Structures are given as C-alpha cells and as structure tokens.
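According to TrEMBL, the features are:
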type: ACT_SITE; residues: A:539; note: active site, phosphoserine intermediate
type: BINDING; residues: A:30-37, A:109-113, A:164-167; note: GTP binding site
type: BINDING; residues: A:465, A:466, A:467, A:468, A:469, A:470, A:471, A:472; note: ATP binding site
type: DOMAIN; residues: A:21-234; note: domain 'Tr-type G'
Ligand SMILES: Nc1nc2c(ncn2[C@@H]2O[C@H](COP(=O)(O)OP(=O)(O)OP(=O)(O)O)[C@@H](O)[C@H]2O)c(=O)[nH]1
Ligand SMILES: [Mg+2]
C-alpha cells in the first residue's frame with residue numbers, strides 16, 4: 001500500500017508512475033482533543049513517511065512531552081511549535097505530505113480549539129475533503145458542528161466522519177451508530193455530497209490501513225484505502241477566467257498579461273472580454289519560456305498576449321467573451337470573522353479579491369448564523385469566529401462569479417486598514433439588484449449616490465470660538481478619528497484658507513463677513529461632494545454663521561461651540577497674538593477690541609478648559625455616530 | 001466521401017487538441033456556428049455541404065494542429081505542473097504588490113528550483129528583483145564558483161553580503177562553534193543585508209516538509225522590524241489570496257516552495273534539466289570523519305586534529321551549507337536518477353547532515369524567532 005521504493009526496483013518506472021499520480025488535499029478537523037493530530041501522525045507513520053532520525057526524535061519527545069505515559073505520542077509528529085508541545089494542543093495548522101502507491105496527499109492538520117478557528121479555516125480553504133473527528137465518548141460537540149459548517153461554507157463536498165477513540169468504548173457498535181445518526185441528522189442542511197462514517201482508533205491503528213478485527217460489525221472501508229480511491233473531482237464546466245496579476249512589459253514591442261487561469265480553458269484565437277471595461281479582443285498567444293502553448297487549462301500560470309492594443313491592468317479579469325463574469329459594487333456574501341476586534345458595519349475595510357484591493361464596507365449584517373442550530377440570529381456585529389450574511393458596498397465595482405459556481409472568482413478577504421490584519425473572509429452569494437442597475441443604466445450621480453458610495457452622510461462641522469480656544473486641535477483630532485473609521489473628510493482651517501482662497505481679505509468687519517461667506521460656499525461644495533467637512537474658524541458673528549446654516553439642508557450644518565473662556569485662551573496664547581493685541585500691535589482682534597457673539601443654540605458645546613481635547617473629539621464622533629452620519 | 005458521423009468525430013477531436021470551440025469549428029466548416037450541434041442532435045445535411053465541410057476540415061486540421069503552428073500542447077496538468085503554477089503565482093503576487101523584493105539565493109538545489117521558476121514567471125522579462133547571497137565566507141568553493149558563473153550567464157543582478165564585523169572578529173565554525181558562527185555570519189548578516197538594502201520582502205526556498213516548525217509556517221510569513229517571527233499570531237491565509245500589507249519596518253518572508261517535497265524538487269530538476277552544484281553528485285573528495293560525520297576538507301582553514309586522517313572517499317551532499325557544518329554521505333550516485341534512488345532508499349531526513357539543527361531541540365523555531373530565515 002505504501003509507495004516505499006525498494007532496492008532493485010526500477011527507478012525510471014517508479015518516477016514515471018509517481019509523476020502521474022493524482023493528488024488529494026484534505027484536512028482533519030473537529031473538537032479539541034478528538035485525536036486529529038494523532039490520526040495524522042499515525043497516517044504518516046503507517047504510510048512510512050517518517051525517517052528514522054525523525055522517529056528517534058519522536059521517541060524522546062514522547063517521553064518528554066507525551067500524553068501517553070512515555071509511549072509513542074503520534075500527535076508530536078505534527079504539533080511542531082514549542083507552545084503546542086508544551087500544552088499538548090494544536091494551535092496552528094500544519095501541512096504534511098505523503099504518498100501511497102495510488103495517490104499523493106497534502107494534509108492540513110488543524111486545531112480544535114475555538115480560539116484558533118481561523119487557522120482551521122486556513123487549512124480548509126484549499127481542501128477537497130474533510131476528516132471530521134469525533135471522540136466516541138463525547139459524540140457531536142458544538143465545535144464539531146462549527147467545523148462542519150465552515151467546511152460546507154468553504155465548499156468542501158466530501159466528509160469522512162471519523163468516530164475516534166473506539167478503543168475506549170470497547171468498540172461498541174451502538175455507540176458508533178448513535179453518533180453516526182446524530183451527525184447525519186445535523187449535517188442534512190449542509191449539502192455535503194458524501195458523508196462516510198468510520199469507527200477508528202487513531203492511537204491503536206484500528207481501521208486506519210486495514211479493517212480492524214475489533215469492529216467486525218463495520219462493513220465500510222478502512223481510512224487510507226478510502227482516501228486513495230474517493231473521487232472528489234468537480235465536473236462542472238466553467239467558462240474561462242483569468243484575473244490579471246501582473247502586466248509584463250519588457251520592451252515597447254511586448255505587452256503580456258500574466259496570471260493564473262482560474263477556470264475553463266483558453267486558446268489562441270479565443271474571443272475574450274476585459275472586465276470591468278468590457279472591451280473585446282482575441283487571444284493572440286500564450287507565452288511561456290519553453291514556447292507558445294496551443295491552450296492552457298485551469299490552474300496553469302501563463303502570460304497572454306492579445307490581438308488588439310486594449311488596456312488591461314492588474315485586477316482586471318480576462319474572461320470568455322460569450323460568458324463574461326458579473327460585476328457589481330453591492331454584494332451579498334457570507335462572512336467568517338477572524339479578528340479579535342469585532343466587525344463594525346459602516347467601517348471601511350480593504351477587500352482583496354482577484355488581485356484587486358477595493359475599499360469596502362459592510363452596510364448591513366442581515367443575520368448571524370448559529371453554528372449549532374444553523375438558525376439565523378439577529379445582530380449588529382460579528383465577533384471573532386462568528387459567521388454572518390452581509391451586504392457589502394464597495395467603492396469600485398468588483399468582477400466576480402458567485403462562490404458556489406467558481407471558488408476563485410467568488411472569494412475575498414477583508415483587511416483592516418490600520419492593523420493590516422486579515423480580519424475576515426467572504427464568499428459571494430450574488431450581486432444586489434441595485435448595483436446591477438448602476439452598472440447597466442448610468443444613474444444620476446448626485447449627493448445621495450456619492451454618500452452611499454462613501455458610506456457616510458456628508459455634513460459641515462462648524463467649529464466656532466475664540467482664538468486659542470482649541471478649535472483646530474479638536475477639529476484635527478476629530479478628523480483623525482473619522483479617517484481611522486474609513487471616512488472621507490476635509491478640514492478647512494482659517495490659516496489654510498487665508499493663504500489661498502481668501503488671500504485678498506483683511507480683518508475689517510466687511511472682510512470677515514466675506515471670509516465666512518466664501519468658506520461657507522466652499523464647504524457646501526464639499527458636502528455636496530459627499531465629504532464630512534470640518535470648518536475651523538473664529539467666525540465671531542452670529543448672523544454670518546446663520547447665513548451659512550440657511551444655505552445648507554437640514555442636518556447638514558452642525559455648529560460646535562468651543563466655549564473656552566477668554567482668560568484661558570489668552571493665558572494659553574499659543575501664537576502670541578493676544579499679547580500683541582493688548583499692546584495694540586494688532587487691530588480688530590476678537591475678544592479684545594472686536595466682539596465675539598456666542599451661539600445661542602449650538603449643536604455641541606465644549607469648554608476645553610474643562611474637557612481634554614481627546615475627550616472632546618470622542619464626544620463629537622459619538623454625536624455623529626448616534627445621529628447616523630457615519631452610515632451611507 | 002466521409003459520413004456525417006466521422007465529420008463530427010474529427011471535428012470534436014480537433015476541438016480537443018487545439019482548444020478551438022466546436023462553435024468556432026462549425027462556423028469555419030459550415031458558415032454556421034450551430035451547424036455541428038444540429039448534426040449531433042440528428043440533423044442532416046446535403047451531400048454538397050458535407051463534401052465542402054470535409055474539404056475544409058482537411059485544411060483546418062493541417063493549419064490548426066499545434067505542430068503546424070509551432071505550438072506546444074500541454075498534457076493534463078501533473079502534480080509538478082500544479083506546484084510550478086502555484087509558485088509562479090506567489091512570485092508574481094509579491095512583485096505586483098511589494099515595493100522592493102529580493103530573492104535569497106543560497107546556491108543549493110531549492111534555490112536552483114526557485115530561480116528557475118522565477119525565470120519562467122516573468123518571461124520574457126527578467127525577474128524584476130536582485131538575488132541576495134549571504135556569504136559566510138565558509139561556503140564550499142565550488143558553490144561560490146557556480147554562483148558567479150550562473151549570475152553572469154543569466155545576466156541577473158547578484159548582491160553578496162558578508163558580515164564584516166564578524167570577519168574582523170575572526171568568527172568561524174572552528175573557532176567559535178556552529179551556533180555562534182551561524183548566528184553571526186548567517187542570521188545577523190542576513191538582517192544587516194535586509195536592513196541595508198531596505199528589502200521589504202524576501203523569497204526563501206524553505207519547504208514545509210523539511211522540518212516540523214516549517215510545516216506550520218505560512219507562505220507569506222511576517223517579520224517585525226527587528227526580524228522576529230511570532231508563530232502564535234500568523235495571519236489567516238485562505239485560498240491563494242495573500243494579504244501582503246505591512247506596517248513601516250515590517251517585512252515579509254515568502255516561501256514559494258512551501259508545498260514541495262524533497263522528491264518533488266529532484267524530479268523537477270530532472271524534468272527541467274536544471275543546473276545544480278556538482279557537490280550533489282558523488283565524486284572522490286578529501287574528507288575527515290569527525291563525531292560520526294564526514295566533513296570535507298575544502299581549504300586549509302580546516303584544522304586536522306590528532307588521530308584524524310584525511311581520506312579520499314566517494315561522497316556527495318544532500319544539502320549544502322558551510323563546509324565545516326555539512327556532513328557528506330558516502331555514495332556512488334552521480335546521476336539524477338541515482339540520487340533520487342538513494343534518497344528514496346534512505347531512512348534519514350535530509351537535515352540530518354546539518355550540524356546546526358542538532359544543537360538544541362526546537363532549535364529551528366527558536367532561530368526563526370531570532371531572525372534566521
Ligand atoms: N485512547 C485513545 N486515545 C486517543 C486516540 N486518539 C487520540 N487519543 C489521545 O487523545 C489526546 C488528544 O489527541 P490529539 O491528537 O492531540 O488531539 P487533537 O484533536 O489533535 O487536539 P487539538 O488539535 O488540540 O484540538 C491525546 O492524549 C491522544 O493520545 C484514540 O484513538 N484512542
Ligand atoms: Mg491537534
């Protein structure tokens with residue numbers, strides 16, 4: 001059964017058959033301590049994939065860290081991190097390789113602890129089959145269900161339910177049947193194509209390589225023979241797709257589009273369409289270092305040249321012209337959340353899919369999914385390891401196919417802009433109708449559509465108060481926070497405007513009025529553009545502030561009064577202006593020889609002599625959040 | 001004259017071998033994209049049409065055969081093809097997203113395969129990154145010769161970095177022991193080089209089947225500004241979507257050969273005719289047996305202890321590193337198939353020949369946390 005090469009065998013023959021063997025990628029998953037790592041260690045050992053020196057190390061490691069009282073602990077073959085060996089658990093996925101006469105295998109041994117679910121998902125995303133382990137003593141546990149659900153979500157169609165530790169329950173058939181039944185009942189809605197249950201003892205080796213005499217009542221196959229023959233091929237024919245990964249331009253005469261064919265087949269002469277632009281052309285050649293190819297199939301990494309000088313760049317998708325992929329800016333997808341910090345609807349993340357990075361936000365969490373009952377739960381956020389169905393809004397259109405039709409074209413990851421963590425992964429279900437319309441019939445582009453795209457309600461935050469009261473400091477902090485939340489902002493500050501737009505204005509009352517009028521109009525254009533616009537101006541006259549407010553729509557003008565008293569502002573005197581004004585070196589200085597008219601009904605009032613600037617900024621952002629400004 | 005069934009069969013075969021769709025062929029034969037499909041469903045045609053179609057098919061078969069066009073017809077993808085494609089995808093991703101990548105070139109067999117894949121990935125361009133060799137000054141002379149010739153022949157930019165402070169302090173394996181030598185001349189030197197050139201991603205040829213902590217490492221593996229690996233907080237890595245974003249100062253180690261096994265490497269070297277350092281093949285070489293390991297006397301810096309004897313033996317190496325730290329195996333294998341045969345019959349792993357891995361248990365993980373590749 002194992003493909004150990006023996007002295008005297010013909011090496012050329014061996015290599016020829018070895019190269020043609022097909023390959024199965026599978027993972028082991030299930031609840032903590034169910035014996036996943038032990039099973040893989042056992043398989044590697046019995047398939048003779050362990051070298052003598054490694055076996056020796058295993059022997060001494062088992063004495064040191066083993067859970068088997070000094071006997072061989074096979075889990076130590078795969079639990080390769082120091083922390084794992086010390087704690088006797090798996091923390092991260094291990095990839096191991098072995099082969100038999102019939103097949104090659106890549107196994108991902110994944111952790112059972114709920115805390116490390118994202119590492120399990122990592123291992124599952126590239127697998128064709130899952131071995132789900134269940135401890136015969138404990139039966140189906142929540143984590144068994146969670147992992148099964150994730151396998152199904154990621155598109156795994158074949159599972160082996162390994163009911164393990166049968167040695168501890170005296171190889172009793174009733175135990176086995178009971179668990180089998182419970183599992184099959186639970187898994188019905190998961191859509192697996194095959195579910196195969198086996199009674200095993202990973203530790204003792206029962207039903208691993210050959211049928212065990214301890215389970216005469218079991219009439220199925222042993223594990224390894226089953227893995228050698230199970231057919232996991234997907235026969236659906238998919239149209240050609242190749243996301244452009246890199247544009248190859250060694251000189252002006254050559255322009256190649258490098259990428260991996262993710263589905264279908266491509267050949268010279270084929271009509272293709274570049275998405276999202278929609279330009280059509282034909283494939284001229286498939287260039288490789290060994291020579292041009294007559295065609296290229298799924299999974300091959302190639303470089304295409306095209307008949308026409310069409311524009312295509314990284315992230316564009318070259319697709320069969322007759323069956324192009326969809327494109328949309330609004331999607332529905334299932335998301336598995338992977339970060340300790342919870343998912344926040346409205347917050348901007350970076351979505352990476354098909355070699356593109358697009359700012360995106362979750363506009364709506366439709367529901368969470370209870371992994372135990374598969375019921376839909378309502379909720380506002382997704383916490384670590386939770387799964388939900390969400391609506392997403394992207395700032396650019398994404399070219400995609402639904403995940404169920406095309407795994408490569410329908411998957412994405414979400415990246416946090418600040419920590420750069422991969423915070424979530426998603427599988428696209430379909431485009432929301434709205435965006436299909438957006439694509440085909442150009443809608444009016446207006447304030448509303450821009451706000452939707454940006455995921456925010458634009459408004460003008462008008463900071464008014466004495467010189468030195470802390471307007472700019474607070475405004476700056478507010479802008480930073482909004483920026484961190486992925487909001488698009490702009491800060492109009494007295495100083496930056498007076499150096500440009502209002503360079504021609506002085507400090508007479510008339511000039512002050514004109515100054516405010518212009519700032520108000522500039523701010524209004526920005527609000528129309530969809531920006532959260534921060535204006536930080538002394539703006540001492542009530543009437544001018546009112547004039548600006550009246551030019552805006554309801555709720556678009558938020559007056560923030562920084563009410564720090566004159567004494568405090570004068571004491572701070574950051575720019576030394578009060579001193580000069582007192583000496584008469586500056587004329588018409590607000591608070592000294594020019595009046596400041598306090599707002600009567602400010603939306604927000606903050607005295608920075610009492611509230612720290614950080615706290616003030618937080619209050620303002622909270623106000624915006626509470627009043628819906630941070631959603632599209 | 002042929003019948004409709006034969007016409008259909010030949011058209012289908014042509015479609016299979018050329019990749020032309022049946023619709024396209026149908027259009028070329030019958031001026032009608034759906035014609036063949038109709039015949040397939042039992043539709044008939046006049047003799048005249050059939051005759052014309054058959055003549056056109058003859059022409060098409062000649063014109064469209066890959067050979068006539070000078071095109072290569074790939075067979076169904078084998079396991080090695082898939083590994084090749086995966087590695088190429090990874091390399092392109094780095095080049096597309098990272099500003100200043102570099103390829104660590106250690107002159108060994110894995111580096112040879114990695115470099116070969118890079119030549120393929122970016123053809124007809126040259127790989128858009130330099131090669132970096134960290135030279136401990138204790139490599140086999142044949143390795144250095146091979147390195148310089150290869151870089152010149154391929155016209156690639158090669159940067160060689162040596163820890164000059166280490167050289168000044170006279171650090172070497174004989175005087176300072178393998179642990180200190182490896183740390184200063186290899187690990188510290190590598191960090192110096194990466195910092196000096198401000199490389200933000202470095203390709204390495206490590207494979208998951210080499211060692212149990214490697215089996216746990218991601219393909220895109222992140223390092224802090226001081227080059228530390230934190231095995232407890234690796235990023236999820238799903239499908240083949242790689243998150244390559246780093247904070248300032250952070251860098252990435254990228255392992256395009258993660259999923260290759262030692263056997264895959266050798267098979268691929270044989271299939272692709274990749275040039276390797278002759279030290280991998282058996283030849284008569286001067287060696288000394290020390291602590292059960294055969295060490296080659298590569299130059300006169302090697303002290304010969306009392307009772308030791310330099311002998312000419314037929315030996316070869318399974319891995320290559322600093323000559324004083326690399327054990328030779330006695331062998332007659334001097335062709336690739338013979339090497340593979342020996343490897344398959346061997347009951348010990350390739351790393352056993354490396355003195356450094358035996359220094360302490362869990363040593364690889366620890367070294368990596370300290371910045372070793
Ligand atoms: N009696 C018996 N014990 C077993 C069997 N399989 C595993 N064990 C023991 O169960 C314990 C846990 O085994 P592991 O292989 O580490 O479990 P795991 O599922 O990999 O655990 P995590 O990866 O941490 O979730 C160890 O002490 C094993 O020796 C079995 O078939 N029979
Ligand atoms: Mg485990």
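For all residues, glycine too, the Cβ spot is worked out from N, Cα and C.
Whatever TrEMBL says is automated annotation, not expert-curated.
Since we're looking at a predicted model, the values are computed, not measured.
Overlay of TrEMBL annotations on the structure.
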residue: A:30; record: GTP binding site; contacts (Cβ under 8 Å, 6+ apart): A:36, A:112, A:132, A:133, A:134, A:143, A:144, A:147, A:162
residue: A:33; record: GTP binding site; contacts (Cβ under 8 Å, 6+ apart): A:89, A:112, A:135
residue: A:113; record: GTP binding site; contacts (Cβ under 8 Å, 6+ apart): A:32, A:89, A:90, A:91
residue: A:166; record: GTP binding site; contacts (Cβ under 8 Å, 6+ apart): A:136, A:172, A:175, A:176, A:199, A:200, A:201, A:206, A:214, A:215
residue: A:467; record: ATP binding site; contacts (Cβ under 8 Å, 6+ apart): A:538, A:569, A:575, A:577, A:578, A:589, A:590, A:591
residue: A:469; record: ATP binding site; contacts (Cβ under 8 Å, 6+ apart): A:562, A:563, A:564, A:569, A:608
residue: A:470; record: ATP binding site; contacts (Cβ under 8 Å, 6+ apart): A:562, A:564, A:608, A:613, A:616
residue: A:471; record: ATP binding site; contacts (Cβ under 8 Å, 6+ apart): A:463, A:464, A:465, A:536, A:537, A:538, A:562
residue: A:472; record: ATP binding site; contacts (Cβ under 8 Å, 6+ apart): A:463, A:493, A:494, A:536
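According to its DSSP assignment, residue A:472 (ATP binding site) is helical. For the pair residue A:468 (ATP binding site) and residue A:110 (GTP binding site), the C-alpha distance works out to 59 angstrom.
Comparing the binding-site residues A:465, A:468 on other C-beta atoms within 10 angstroms of each C-beta gives the minimum for A:468. Taking the C-alpha positions, the distance from residue A:466 (ATP binding site) to the residue listed as 'active site, phosphoserine intermediate' comes to 9 Å.
Distance between Cα atoms for the residue listed as 'active site, phosphoserine intermediate' and residue A:110 (GTP binding site): 62 Å, as a whole number. Among the binding-site residues A:36, A:110, A:468, the residues whose Cβ lies under 6 Å from any atom of ligand 2 are, in sequence order, A:36. Averaged over the domain 'Tr-type G' (A:21-234), the predicted model has a pLDDT of 92. Within the set of recorded positions (A:36, A:110, A:466, A:539), the lowest number of other Cβ atoms found within 10 Å of a Cβ is recorded at A:466. Checking the binding-site residues A:166, A:469, A:471 against ligand 1 with a 6 Å cutoff on the Cβ atom leaves no residue at all.
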